[in-house]
């Protein structure tokens, strides 16, 4: 009785979210609203501190403020819609809304990976070629690397979304998730998804695997360079410039890996929905804290920005 084709093209999906228990909805709403506000505020403070403090007009902070912009965009593609749905007690997202949300989510999650790779390269140049750092990491190269990241991830997200547009959906339109995630949407289709699966996995390998390879290569070089430094203080100083970045990279890639492993092993929706919260919501929220807590220059810039003395400013 189900006929795949244009005549059965559905106009909306249902996002089931984390829990269907009605008494938990106010708690989930409060939790995600506060996480959203913390993320936007934290990342905005980093952007403003970077712009306002001339000491932070360096490649590292240029890429960090780019990362903050992307993190605000990433969390804004998923959480506001979810909050509206809880508030209106509706689970509906339109077909167009779902494809759009999926497109932007793929774009911004890919950008996170690319920017973290570019930041790893920046740390590699700073530690392995300190005397040539300003020559190599010139403003033109920094802008080019940022634009290249945007260009490649835009191409990737458009490819994945246009592949999803060719699918037909019939009756089963429940997405056991907070948002329209590519894998979940593709597997709801009642038309053949073989080509979509191939494009999806190739995309994941090229974008995810490519960026991770770049980061690991940079850190192999960094570790061997630090190993050659004779003094313990010099080693510590060199490593401390990478510590924040390494923390963010570990958080981002471990949660991404967790999502895909749990999705592969478990057809039950909730474990993968919960792990997705980690990389879609928790990572963008923690990034500003990781960078500001471990970084004297950023702490000072934030203190100046917020107009308080360091001793009073307990938050950072």
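Placement of Cβ uses the backbone N, Cα and C atoms for every residue, glycine included.
Feature annotations, reproduced from TrEMBL:
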type	residues	note
DOMAIN	42-291	domain 'G-protein coupled receptors family 1 profile'
TRANSMEM	27-49	transmembrane segment
TRANSMEM	61-80	transmembrane segment
TRANSMEM	92-121	transmembrane segment
TRANSMEM	141-159	transmembrane segment
TRANSMEM	198-217	transmembrane segment
TRANSMEM	238-261	transmembrane segment
TRANSMEM	273-293	transmembrane segment
Contact ranking winner - 27-49, 61-80, 92-121, 198-217, 273-293 against the transmembrane segment (141-159), Cβ under 8 Å: 92-121
For the transmembrane segment (273-293), sequence-distant contacts whose Cβ falls under 8 Å of one of its Cβ atoms, 6 or more beyond its ends: 17-18, 32, 35-36, 38-39, 42-43, 45-46, 64, 67-68, 71-72, 74-75, 78-79, 105, 109, 112, 176-179, 181, 244, 247-248, 251-252, 255-256, 258-259, 262, 299, 302, 316
Cβ contacts under 8 Å made by the transmembrane segment (27-49) with residues that lie 6+ beyond its boundaries: 17-19, 56, 64-65, 68-69, 71-72, 75-76, 79-80, 82-83, 86-87, 281-282, 284-285, 287-289, 291-292, 298, 301-302, 304-306
Local confidence of the domain 'G-protein coupled receptors family 1 profile' (42-291) - pLDDT mean: 89
Chain residues in Cβ proximity to the transmembrane segment (92-121) (below 8 Å; excluding those fewer than six residues from its ends, i.e. six or more beyond): 9-15, 60, 63-64, 66-67, 70-71, 73-74, 77-78, 81, 85, 145-146, 149-150, 152-154, 156-158, 160-161, 164-165, 169, 175, 179-182, 185, 207-208, 211-212, 214-215, 218-219, 245, 248-249, 252, 256, 279-280, 283
